[in-house]
Structure formats: C-alpha cells, structure tokens
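See below for the structure under consideration.
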Amino acid sequence: MIRLNSRQKEAAEFLYGTACVIACPGSGKTLTMTRRIANLVKNHGVSPERIIGLTFTRNAAQAMREKLYPILEDLATRVDLATIHSFCYSLLKQEGKTFEILHGNEQLKFVRQVMKKKRIRNIPVGLIIREISLAKNNIIDTDEFADLYTGDETMLKIADVYRLYEAEKKKKLLLDFTDLLFESYLLLKGEKEIRQKYQDSYTHLLIDEYQDVGPLQVEILKQLINNHRKSSFWVCADDCQSIYSFTGASVGNILNFDKVFQNSQQFILDTNYRSTPEILSCCQRLIDHNTKKIDKVLRTKNSTGAKATVIDATNEEDEALQLVNEIKGLTESGTYQFKDIAVLYRANSLSRPIEDGFKQHQIPYHIENGSSFYQRHEVKVLLDYLRFINNPDSDDGDDALRKIINIPNRYIGKTFMTGLESFSNKRNVHLFQGLKTMPIEVPYLKKFIKDFVCLIEPLIQDVAQLEPAEIIHILREGLDYDRYISDDDIPSPDDSKIENINQLQLVSAKYKDIPALINYTETFKEENSNNKDGVALMTVHKSKGLEFPIVFVIGMTEGVMPNKQGEIEEERRICFVGISRAMNLLYLTYPINYMGKNATRSRFLDEILED
Ligand SMILES: Nc1ncnc2c1ncn2[C@@H]1O[C@H](COP(=O)(O)OP(=O)(O)OP(=O)(O)O)[C@@H](O)[C@H]1O
C-alpha cells in the first residue's frame, strides 16, 4: 500500500470541522480522500453509512470504491460514494417526490414545443437550454433572469421560454438534470425536518474536485453540513484545474473558501507523484500566466526525464502521421504499450484525422467515453443520406431511408412508416418508389415528403457526376442541416457537431464516389477502433483525474487551444489539465494549416516552452 507523505497524512487524519485540501495535479488528492474515509471507519469507529463522498463523475466514484475495497473490504460498499446529481436523485425519490427525468432529445423536443407556444424562433434551442441551466445553477429564478436582462431582446425571449418551460415541467412532473439539484436544494432549505434528517445521517461529508462545484451545488452542500462537534466537511481541489465555468463553477470556490467557511483548516499538497520534473516545469510555466489562482510551486521527487517534444506539422493529416510514427517508435521498442498512451484534444472533431491515421497504420485505439468519429450521430446521418442517394432502389437504400426519413424532423410517425412499408410491399417496389407514389392525405406530411423528394431526386440522378463532398455540401444547405445540428447541442464546451461535419466534408473530398467513402467509414466498426488496450483518445475535459505514461496534446493552435470562444484563463487551465496527465513523456503538436487555412501556433506553447 502507498505510504502517504506527512502532508497527505495530516489531511487524511483530519477529524472534525471544515477542511480544504488544496493540491497540485498528481499530488494524491483523490488518494488522500480515499484514505481519509478509510481512516474514519477503521480508526475512529465511524459507521460507513455516516460518510458521503461526492465525486465529479460516476467513473471517479467507482474508482474510489475500488481503492477503498482493499482497505475496508465489505465495509467499502456501505460508504455512500456518488455524484452530486445521483445523490440528489436518490434524495428526491426517498422523500417521495414523483417525477420523471427530462433529458437528451426529449428535453430538446420539450423546449421546442415551449418555443412554439411562445412563437419564438431563430434562437437555437441548445442556447436556450444552456442559458436556463446556467441560470438555475446560479440560483437565478425566472423573474430575476428577466430583470437581469432588461433591454436585451434575445435574453428576454429566453426568459419567456424559461418561465413557460418551468410551468410545463411542473404540470407534467418532469425534472431536468439541473432541476434534480434545484429541487433538492429547495427541499433541504425549506423543510427543516428533512434537512435535519440528512445532516444527522451524514456526519462526514467529503467532496472531490471542489473547484468544479457550482453555486447551486455549494448551497446544497451548505444545507447538508452538520454543525455537530463530531462531524466534518472536507473538500479537495486544485484551483488550476477548474474547467467547468460553463456550468457556473468558478475558481472563486477555492479562492474564497475560507471566507465562506470560516474557521476552516487548509492543507496544501504540493508534491507531485505523477510526472517528471520536466513535465511539471511545463505545467508551472504555463499556469504562471494566470492571475486568478493560488500561487503554488509544483515539486516532484521523481527522476528526471525527457523534455517535452514539440511537433509542428504541415496540416492535421501530417500531424496524425507524425503521431503514428512516434507511437510506432515508442511501442515497437517494447518499452511502452499502446494503452500507456493518450491523445488529448480540445474539441471532439480533432479525433477525425487521428482516427484516420491510426486506421491506416493499424494502431489500435478507443475513444474514452465516446464514439468513434464515423459513428457520431451527426456524421452517421449524412453518411446514411449518401448511402441512400447512391442506391435508393435496393435493400440497403431502404435501410438508409428508414434512418434518414425523419432527420431533420418531418413529423413522420410509426403509422406513416407502416403504411409506406405495406404500400411498397404490395407493389413489390422499394420504399423510395413507394414514397413517391403513395397518396398522402395529411397536408404537412405531403409537403415534407415533397420537399424531401425534390432535394434528393436530382442528387440521385446526378450521382455519377457529383463527388461525395459536393453532395454533402448540397445536403447541408438543402436540409438546413447545420441549424438542425447546432440546435441539438447539449451544453458542453467540447460538443462541436458542426466541426464534426466540417471534418467529414474535408475527408470526403479524398473520395471520388460514395461507395469508396462508405466502404472506408465502415471499417471503423472494426475491433481496432474500440480496443480498450489501444491508445486512448479523448477531450481534455474527459481526461480529468486520469494519468498516462505518455500524453500527446494535439491541435495546439490559436482558435483551437485556446478555443476562440473561451475565456483565456479557463482555456489555460484546460491546457494545464491536459499536460498534467502525463507521467513520463509529453508531446505537444500543432498543424500550421488547420481546416485548409493558415493556423498560428498556440500562445500556450510559447508559454510552456519559455526559459
Ligand atoms: N504518497 C505517495 N506515494 C507514492 N505515490 C503516490 C503518493 N500519493 C499519490 N501517489 C500517486 O500519484 C498519482 C496521482 O495521485 P492522484 O490521482 O490521487 O492525484 P490527484 O491529486 O487526484 O491528481 P489530479 O488532480 O491531477 O487528477 C497516482 O498514481 C498515485 O498513486
């Protein structure tokens, strides 16, 4: 078992009161939190049920339980380890609240209906959901929201939607993810008995990744804190890894911790056990450029290693090829395995050239908690359109038509499809022929089908003359596809669906006809694209809390990392999280041409490398 250093030990042995553990990356804060739980149970007779450990992701809760198990054995299963959302879900259910969760596409449809009732158009539904969620995460109700945005026409329309959205959800007993938190907060704050019950059941409250906890979550935690002499509230955080400001989280959580929670004790863990001194210096030089932070000197006793390697590439394809060569060199020597390597990027769409390169050179990989580029919904739909256009009167064409007929939404339901299938069957024709000849009574369906046929038919006729990239372009215009896609945007900084289809268009330009492109994309269903022992590909946000012997941070150009829409200090922290995942070797790569345009190398590279 790993021996804690003296500071970790002090933090792990903290018993009663409030404590904030401020830690640098790789300094064992997660390890310390686990040990503290074990210490409370083993050495202080605290019943495991009296302890709650809140983590940022379900994976993190699971990882913590696995670490606890060897120490506490069966007792480990009795400690409540959960994300704050799942904790709130259970709380509401336990208190007898009846509700269903509204999320994903259902939430989009729901908000669209509200917009329709309010006659509001031209505001992306994704933006509306983001704004409402941000407001709720900041405990801003509908009236305050409207007051806050007096004079701002768009935001006032959003305020209108917010108001009706709340009322409609209430009527239908629906809660979205933020409501789980909000309703729990109201319940805990408003009902003394319930609050008391939870305060009594959890005498020790521990929170991981406190830097990414938003104002609403802080308020929930305050309701749960037990002020009894023999209780504790213990958080660990790294202000430099705060990367979720889009949910209302703020570095201020840590900077002001001792003001919000007076008489709290602070522990600083500044010894990094993960990285070489060279990698740590890169982290330090980068983060020194941020002003909003707690000054820390990052230290490690680890042996020296290689300097960070910078790779400049002519474009994304070349960047991928250079990655392939490096990875081959590293793995062929037998020193490293593919699973020791992670490729991190700021935006999801950056995986496309890398996946292409890996496929071509048989490098096994997997996308961490996500799907391969060619399996992503917005990409797959366009590929299905191409498949249909290529061969509409075939079984494959029928299959593709079933997938695309209602995207974007044409209000086609099961009854219509059953009718179409049986109409076509009786006449022994494929579905598209059936669709063109079947009498359609409902006026709006008639119009949607007519529009669909008018767009698709010329493409089918000219398929031999058109290249896949041209067809994709026409489809994007004709279907108003980009709008459809961006409306589908669920709040996330790295959800870049339009960038994904831009990438698809770029790669499709390499193929002269649809079958060649489709055949190529089909190969990504193979095992090598989802090999858990392969190289891990993921966004920096997904890499939070993880570590790898070798890390490649790619796409280090201005506009990408830092992202053009991001706030610069937050973008720097994102980069910091990425590079601090590396244990032995760090590679920083950038293309001087990105998406066919000149790109400037990221200012972060200069900061990381400066003397
Ligand atoms: N005292 C120690 N001795 C040896 N190794 C340690 C010690 N403390 C932590 N480690 C190791 O250092 C690595 C980082 O630990 P951990 O993931 O807990 O850090 P962290 O502070 O949560 O990191 P981050 O915030 O960057 O995700 C792990 O491999 C862990 O086993």
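Cβ atoms are placed via backbone N, Cα and C, with glycine included.
The ATP binding site annotation in TrEMBL covers ALA23, CYS24, PRO25, GLY26, SER27, GLY28, LYS29, THR30. Taken from TrEMBL, the feature domain 'UvrD-like helicase ATP-binding' covers 2-276. Here TrEMBL flags 277-545 as domain 'UvrD-like helicase C-terminal'.
Sequence features annotated in TrEMBL and their locations in the structure.
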residue : record           : Cβ within 10 Å
ALA23   : ATP binding site : 27
CYS24   : ATP binding site : 28
PRO25   : ATP binding site : 24
GLY26   : ATP binding site : 25
SER27   : ATP binding site : 27
GLY28   : ATP binding site : 25
LYS29   : ATP binding site : 26
THR30   : ATP binding site : 19
List, in sequence order, the residues of the same chain other than ALA23, CYS24, PRO25, GLY26, SER27, GLY28, LYS29, THR30 whose Cβ lies within 8 Å of the centroid of the Cβ atoms of the recorded ATP site. ASP238, LEU269, ASN272, TYR273, ARG274
Averaging the per-residue pLDDT over the domain 'UvrD-like helicase C-terminal' (277-545), what integer do you get? 90
Taking DSSP three-state, what's LYS29 (ATP binding site) in: helix, strand or coil? helix
